[in-house]
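What TrEMBL records for this protein:
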TRANSMEM  B:20-40  transmembrane segment
TRANSMEM  B:52-70  transmembrane segment
TRANSMEM  B:77-98  transmembrane segment
TRANSMEM  B:104-128  transmembrane segment
TRANSMEM  B:135-153  transmembrane segment
TRANSMEM  B:173-199  transmembrane segment
TRANSMEM  B:230-252  transmembrane segment
TRANSMEM  B:258-276  transmembrane segment
TRANSMEM  B:283-303  transmembrane segment
TRANSMEM  B:309-325  transmembrane segment
Amino acid sequence: MLTRKRIAALAVTSLLLAGHAVAADKKVVAVSIPAADHGWTAGIVYHAQAAAKEINAAFPNVDVVVKTSPSATAQVSALEDLSAGRKLDALVILPHTSEELTTPVKAVKDAGTFVTVVDRGLNDPSIQDLYLAGDNIAVGRNTAKYMIDKLGGKGNLVVLRGIPTVIDDERIKGFQDAIKGTELKVLDIQYANWNSDDAFKLMQDYLAKYPQIDAVWANDDDMLLGVLEAVKESGRKDIKLALGGNGMKDIVKKVIDGDAMTPVETPYPPAMIKTAIYMTVANLIGQAPIRGNVKLDAPLITQENAQEYYFPDSPF
Amino acid sequence: MTVMTDMAVPRPQRDWNFSWTDVGPFLALVALLMIGFAINPDFLSGTNLANVITRSAFIAIIAVGATFVISSGGLDLSVGSMAAFITGITIMFMNAMAPAWGAMAIPMGMAVAIGVGLLCGLMNGLIVTVGKIEPFIATLGTMGIFRALITYMSDGGTIPIDRTLRDAYRPVYFGTVGGIPYPILISIAVAAVASIALYKMKYGRKCAAVGANEDVARYSGISVISTRTIAYAIQGACVAIAAICYVPRLGAATPTTGVLWELQVITAVVIGGTALRGGKGHIWGTVAGAVILELIANLMVLSDFVSEYLVAGVQGVIIIIAMLIQRFSK
């Protein structure tokens with residue numbers, strides 16, 4: 001009786017140990033990202049989960065774990081949970097805020113984890129092994145260049161900007177620097193909070209205020225949707241171009257369909273999280289060297305290359 | 001205290017009295033229109049005014065409901081999230097019905113919206129009255145719940161309305177009757193029905209009594225629980241009506257739909273002359289309050305004095321000045 005129990009106990013223990021050994025062989029990649037609270041972050045979540053699924057299927061000895069957090073505080077807790085009780089081989093993180101996440105990420109790094117930071121930098125760049133981001137200045141600049149080209153360097157513009165942040169400032173700066181010295185005139189520039197409703201109202205006001213508008217730039221696609229609705233409803237024919245930015249699927253679809261008012265788009269693609277996860281795994285599995293800074297450009301999305309940036313199944 | 005005096009005066013006589021609280025918001029409105037015209041004559045153009053009043057309709061309709069809740073001594077912070085949630089449910093329902101029922105899916109969806117709105121409001125009401133939880137905390141809780149539900153339903157992205165319904169539904173926001181846009185007519189109708197309920201029916205007097213002094217109302221044999229619960233249900237129905245007008249505007253619900261509407265709604269009610277601590281409600285004042293808020297935002301864009309960085313600050317100053325004018329003109 002006693003021996004039988006002992007054998008059973010032994011069997012269970014060895015099973016547990018074996019299980020542990022198998023788990024230890026797997027390389028764990030934790031992905032910590034903001035929860036989906038608007039279109040762009042919804043895209044981040046979609047592409048991170050897609051990458052995890054694809055990699056877990058392709059490499060049985062890699063385990064990509066995705067964890068979303070609704071706030072900076074929650075993300076700090078999530079980091080503690082992810083690193084508690086197991087060694088993380090790599091962490092891919094898109095921090096909510098630079099200030100609050102710097103110290104917690106450093107703690108993970110100090111435990112010997114490879115750290116990839118995406119989009120928003122930490123206060124101490126020495127923590128990251130790989131930094132990957134888009135180029136917000138190029139988003140503004142490339143849009144401006146296209147407008148200059150298309151309008152023959154002359155015309156009246158109105159601009160809708162988002163929320164006072166570095167991202168917003170950089171896009172606006174890139175745009176304004178590019179139109180300097182041309183005869184393009186920015187009639188007005190106001191905040192519309194990266195929100196379709198606010199953009200709809202603001203565009204209605206612009207239309208009421210200015211009898212001649214040649215082009216509109218909303219520095220984000222959510223706002224562009226509101227702009228297009230306001231223009232359509234007004235019946236005004238003077239607006240030749242209405243451009244956005246970010247790479248929302250509805251807008252990329254317009255580019256594919258050859259829309260006259262929105263013939264191009266500039267990407268700041270949430271799919272960059274996927275690039276970061278794949279690169280990190282390439283380092284873990286294939287020993288591919290990836291340390292450094294990677295800046296994705298914001299090339300114009302035109303009818304020719306639009307398919308590359310079109311994700312019909314993504315929420316964004 | 002003004003509340004009690006107002007109530008003590010017999011009704012027919014009161015109608016002849018000149019009350020600053022009733023007229024105040026309209027004076028502020030006229031003043032704003034004149035200032036606006038002085039700054040930019042385009043301000044008074046037909047298109048601009050129609051645009052501004054049309055888009056103030058959502059806040060106005062929701063604020064009419066909030067007038068009941070606030071006048072009965074309650075508060076509802078969940079209206080913005082609730083509007084987003086109802087919009088989401090309505091669109092999903094309409095999309096599901098569209099293949100079988102065609103354009104009939106639109107009125108069916110509207111009925112669903114009203115039903116869901118009433119239920120959401122009822123839930124808020126019961127938590128506050130039967131659950132005896134502070135309205136601020138109770139509706140802060142449901143605000144989070146509704147916001148999470150719309151985010152979940154949309155995967156954080158957008159829930160667009162079926163293309164086949166889009167054109168049939170569009171007139172509800174963009175259409176006009178005799179030159180007046182539908183949303184304006186709908187908000188006038190909602191306000192008219194609400195003012196009958198609040199001023200001509202027994203329920204309205206119960207509302208004000210409960211809001212002015214809960215204990216006195218209870219001793220007078222008024223059921224505080226049912227009065228307040230009904231106020232929240234009315235609020236839910238109003239949010240649903242606003243959602244019905246909102247859907248055709250952009251044709252989609254997103255997790256950022258209706259963000260911070262609750263604050264605009266409460267501001268509209270208070271600008272309109274209803275005290276935040278409860279008591280007599282002012283329906284038409286509330287409607288004027290909603291239009292004032294939207295006019296201020298419009299004026300900020302149409303004028304060239306204010307730096308884009310200072311817009312919110314100037315709006316705050318104007319609101320406070322408007323309230324001070326009302327306070328001291330009494």
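Any Cβ shown, glycine's included, is placed from N, Cα and C.
Those TrEMBL annotations? Automatic predictions, nothing curated.
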Winner by Cβ pairs under 8 Å against the transmembrane segment (B:104-128), considering only B:20-40, B:52-70, B:77-98, B:135-153, B:230-252: B:230-252
Cβ-based contact of the transmembrane segment (B:309-325) with the transmembrane segment (B:258-276), 3 or more pairs under 8 Å: yes
Leading stretch by Cβ pairs under 8 Å, where the reference is the transmembrane segment (B:258-276) and the options are B:20-40, B:52-70, B:135-153, B:230-252, B:283-303: B:283-303
Considering the transmembrane segment (B:230-252), which listed stretch of B:20-40, B:52-70, B:135-153 counts the most C-beta pairs under 8 Å: B:52-70
When counting Cβ pairs under 8 Å to the transmembrane segment (B:135-153), the leader among B:20-40, B:52-70, B:77-98, B:173-199, B:283-303: B:77-98
Residues from the same chain, set at least six apart from the ends of the transmembrane segment (B:52-70), whose C-beta lies under 8 A from its own: 76, 79, 83, 121, 135, 173, 181, 183-184, 186-187, 190-191, 194, 197-198, 207, 211, 228, 231-232, 234-239, 241-242, 245-246, 261, 264-266, 268-269, 272, 274-276, 278, 281-283, 286-287, 289-291, 293-295, 298
Dominant neighbour of the transmembrane segment (B:20-40) in B:77-98, B:173-199, B:283-303, by Cβ pairs under 8 Å: B:283-303
Contact set, same chain, for the transmembrane segment (B:283-303): CB under 8 Å, 6 or more residues outside the stretch: 21-22, 24-26, 28-29, 32-33, 35-36, 39-40, 42-43, 48, 51-53, 55-56, 59-60, 63-64, 66-67, 187-188, 191, 194-195, 198-199, 264-265, 267-274, 311, 314-315, 318-319, 322
